[in-house]
Amino acid sequence: MSLGQENVDPVEVSGSHACLYELLCSETPKWTPLRVEDLQTSSSDPRDRLEKLLKQPGNKYCADCGSPEPKWVSLSLGVFICIKCSGVHRSLGVHISKVLSVKLDEWTDDQVDMLVGYGGNTAVNERFEACNIDQSKKPKPDSTNEERNDFIRKKYEQHQFMDPKDGALCTYQQPSRTNTSPPSLCSASHRSTKNRIGHAFRNSWGRRESDHKGPKKSNSMAGMVEFVGLIKVNVVKGTNLAVRDVMTSDPYVILALGQQSVKTRVIKNNLNPVWNETLMLSIPEPMPPLKVLVYDKDTFSTDDFMGEAEIDIQPLVSAAKAYETSSIKEPMQLGSWVASKENTLVSDGIILLEDGKVKQDISLRLQNVERGVLEIQLECLPLTQ
């Protein structure tokens with residue numbers, strides 16, 4: 001990638017992409033924005049293109065703390081980040097930062113195109129840290145989680161380091177000429193509106209959850225949390241779920257672990273939905289239960305509650321730590337969560353070591369609702385992945 005603008009052909013941009021390009025190229029920048037065509041190779045594998053993007057100089061280090069070899073991406077912000085910073089990004093909520101793994105998640109060409117369109121860590125930091133004069137306060141690889149949380153929230157959620165005039169740069173959006181242009185990074189007002197909508201969504205279901213489980217922890221505690229691993233949750237399917245519309249429901253699932261929450265897509269008109277959708281969460285210490293909530297999506301009113309359950313992930317995490325470096329090749333049972341009248345299990349949740357992975361299949365009877373069963377699969381991953 002060129003470090004200057006000499007002998008660089010003009011880049012034709014349009015739509016929301018134009019705003020970001022104008023911002024990044026203004027006032028004689030010291031770098032040239034990446035172009036989608038620069039990363040298009042004869043290979044059609046998105047992962048190959050992603051690996052090539054990761055080798056760009058600015059992307060070799062975490063955008064927030066500078067740790068080398070970041071293995072995580074905030075797709076919605078366009079930055080490569082380390083495992084420690086990824087936990088804070090997840091706590092921001094997917095309406096601000098949607099975190100994916102370079103290695104563990106399946107990538108599409110559209111997602112890589114979107115990432116390329118942001119310009120990489122250098123380009124994004126030029127914008128989000130435009131007024132971050134005191135670089136000494138930026139986290140280092142060995143900074144505490146409290147320091148990371150404070151900086152990352154100020155940077156992406158509160159926009160404290162952005163140029164004040166940045167929000168006025170994109171009052172006009174050029175018409176898009178293609179359907180693959182990445183979302184604009186230029187509209188602070190749009191981002192703020194999106195944040196308010198996201199907060200309203202989280203608060204709406206959070207209040208309903210508090211009716212059953214008590215108040216949530218404040219965000220001020222998020223930075224004091226240490227992360228001990230990752231939990232990969234495959235929401236498989238629901239069976240005989242409750243009716244919340246005339247004769248059916250439009251269900252979706254929310255997973256919450258500490259300050260983090262993620263949700264599946266909505267499946268319309270189905271009491272036996274099959275999601276088969278994989279979601280990822282960081283595991284905090286101390287380790288809270290994994291909360292599972294099911295809702296019916298409504299267009300003109302508050303989403304209806306369809307049941308909930310809690311999962312103790314401590315046995316799975318303990319088993320994963322014990323066998324993290326195991327060379328055992330044959331499938332092996334490591335433990336089980338026994339179904340009883342005291343818990344919500346339909347059948348025993350067996351913890352298995354298979355192909356070097358520690359997994360647990362769980363069938364849950366939803367609580368505080370008239371009926372419904374949810375099947376999920378858990379996998380515990382070490383922080384090194």
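Cβ coordinates are placed from backbone N, Cα and C, and glycine is handled just like the others.
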Among 43-64, 131-152, 197-218, where does Swiss-Prot put the label region 'Disordered'?
197-218
Name, in the order they occur in the sequence, the residues of the same chain whose CB lies under 8 A from the CB of Asp298 (Ca(2+) binding site) and which sit 6 or more residues away.
Asp250, Asp304
Whose Cβ lies within 8 Å of the mean position of the Cβ atoms of Asp298, Ser301, Asp304, the Ca(2+) site, other than those residues?
Arg244, Asp296, Lys297, Thr299, Phe300, Thr302, Asp303
Across the domain 'Arf-GAP' (47-169), average pLDDT on the 0 to 100 scale:
89
Under DSSP, is Ser301 (Ca(2+) binding site) helix, strand or coil?
coil
